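> Dropping a structure here in C-alpha cells format, bear with me for questions.
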Amino acid sequence: MKIYLVGGAVRDALLGLPVKDRDWVVVGSTPQEMLDAGYQQVGRDFPVFLHPQTHEEYALARTERKSGSGYTGFTCYAAPDVTLEDDLKRRDLTINALAQDDNGEIIDPYNGLGDLQNRLLRHVSPAFGEDPLRVLRVARFAARYAHLSFRIADETLALMREMTHAGELEHLTPERVWKETENALTTRNPQVFFQVLRDCGALRVLFPEIDALFGVPAPARWHPEIDTGIHTLMTLSMVAMLSPQVDVRFATLCHDLGKGLTPPELWPRHHGHGPAGVKLVEQLCQRLRVPNEIRDLARLVAEFHDLIHTFPMLNPKTIVKLFDSIDAWRKPQRVEQLALTSEADVRGRTGFESADYPQGRWLREAWEVAQSVPTKAVVEAGFKGVEIREELTRRRIAAVASWKEQRCPKPD
C-alpha cells in the first residue's frame, strides 16, 4: 500500500496559496484492507474512505470508463493493480494531476509542473471531452486563477467548443450548473467565468439571457464601452471588489437583463428595461433553481437600480416607498446591497472605474433617518390598527424630507 497527496492540495501549495482540503490516493490496497486499518467507507459508487483521526478523504486508485451520457455516465474500476499514473490520467487538468509522496517528492506524469510554471490550464487527455461538467470547472479555474495570469490552452478551449457544439452541456442538471456558478461567483474575478463560457459557446446554452446582451448597444454618452454584455462583465468585475457576497454579485450580473428585450429599432435607448428584466431574472432563476433569497435580491436590483441613480430627484414619499418595496424594514441588509450593486453599475464603465457614487451614501443616510422613526411613539400617541402604519409612514416621509432638505443636493 502506498499513499499519495493529490490534486488541489499539491497544486495550491506549489502556487504558494493556502491549502484548504487535502485529498489522498491509496495505491495497491483493497476496501477490506482499508476497513481493517480503521478507515470509514463513505463512497457508494467507488471506494472512498475517511481517515480515523483526520477525517480527510482517502480514495483507492481507480480508472473511469464512459458508459453513458452526461457527467454521471461513468463506470469506475478500483483494484490493487491500478497505478498512480492511471488514477491521475482521469483528472481534468494537468495542474490537478499532480501527486506528492510521503518524502515530499512530486510525481508529475502529465507535465502539470510545466503548465503551472507557464500558467496554463490544459486537459490531461481526450477523456476530458466525456464529462460536460468540466467545461464549467475549467471556466471556474480560469476565474479562480486569473489574478495569477492563468489562461486556457488553445487545444483545451477548442475541445470545450466541440463539447458545447455537440450538445454535451444539455446533460447537465440545473443544480450542478448553479453549484459551479455559485463557486465561480466567490472568486476574485467572477467575470472571467462568464467570458470563458462565451468564448466556448456555452454561455448561449446555459445563460441565454446574459448571452443576449452582447451586441446590444447603450448610449455612448453614458456607456463608453457601448456593448451591454461588456458592461455587464465590467460591472461584475467591479462588484467583486466591493462585496464578497454571492447574492450581491449575482444580482449585479442580472441587473441589465431587460436590455436584451429592447427591439433593435429602439436602440441604443432602453426605456423600462428594469421592470422588463425582472421576468428574465425569474426565468433564469427558475431554470437553474437558484435559491429564493438570491433570486429575490436579483429581482429587486433589476427593477430599482436605475431609480437609485436618480436619487436627488426622488421625493421623500418615493424614497420611503422604495424601502417598502424592497422590504427593508424586515431585511435592512437590502439597502446596503442595493447601494453596492448600483455603485458597481456606475463604476463598471470605461473611464468611470474610480468614479464617486454619492447616491449610495444618500440612500444609506435616508435609510438611517427613516428607520430611526420610533414605532413606539406612534402607538403611544393613540393610533390603532391600520392608522399605526399610516402615521408611521407619514412620520418617516417627514423625517426623510427634513434630511433631504439639509443633506441631499437639489436636482438641476
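Don't overthink the numbers, they just go from 1 along the chain as shown.
In case you wondered, yes, glycine gets a Cβ from its N, Cα and C as well.
Per Swiss-Prot, ATP binding site is recorded for G8, R11, R91, R137, R140, and the stated evidence type is sequence analysis. Marked as CTP binding site by Swiss-Prot: G8, R11, R91, R137, R140. Sequence annotations record features per position, and here Swiss-Prot assigns Mg(2+) binding site to D21, D23. Per Swiss-Prot, the feature domain 'HD' maps to 228-329; the stated evidence is sequence analysis.
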> Please spell out the DSSP helix, strand and coil residue counts for the domain 'HD' (228-329).
78 helix, 0 strand, 24 coil
> Through the lens of DSSP with three states only, how would you label R140 (ATP binding site)?
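The three-state answer is helix.
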> Rank aside, I only need the closest one: which of the binding-site residues G8, R11, R91, R140 has its C-alpha nearest to that of D23 (Mg(2+) binding site)?
G8
> Around R11 (ATP binding site), how many other CB atoms lie within 10 A of its CB?
21
> Other residues near the CTP site, CB within 8 A of the CB centroid of G8, R11, R91, R137, R140?
G7, D92, L93, I95, N96, F141
> Whole-number answer please: how many Å between the C-alpha atoms of R140 (ATP binding site) and D21 (Mg(2+) binding site)?
17
> In whole Å, note down how far the CA of D21 (Mg(2+) binding site) lies from the CA of R137 (ATP binding site).
17
> Taking only the residues the record lists as binding CTP, namely G8, R11, R91, R137, R140, what is the largest Cα to Cα distance between any two of them, in Å to the nearest whole number?
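Overall maximum Cα spacing for these binding residues reaches 16 Å.
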> Can you tell me how many other Cβ atoms are located within 10 Å of the Cβ belonging to R140 (ATP binding site)?
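There are 23 such Cβ atoms around R140 (ATP binding site).
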> Can you tell which of D21, D23 has the most other C-beta atoms within 10 Å, given these are the binding-site residues?
D23
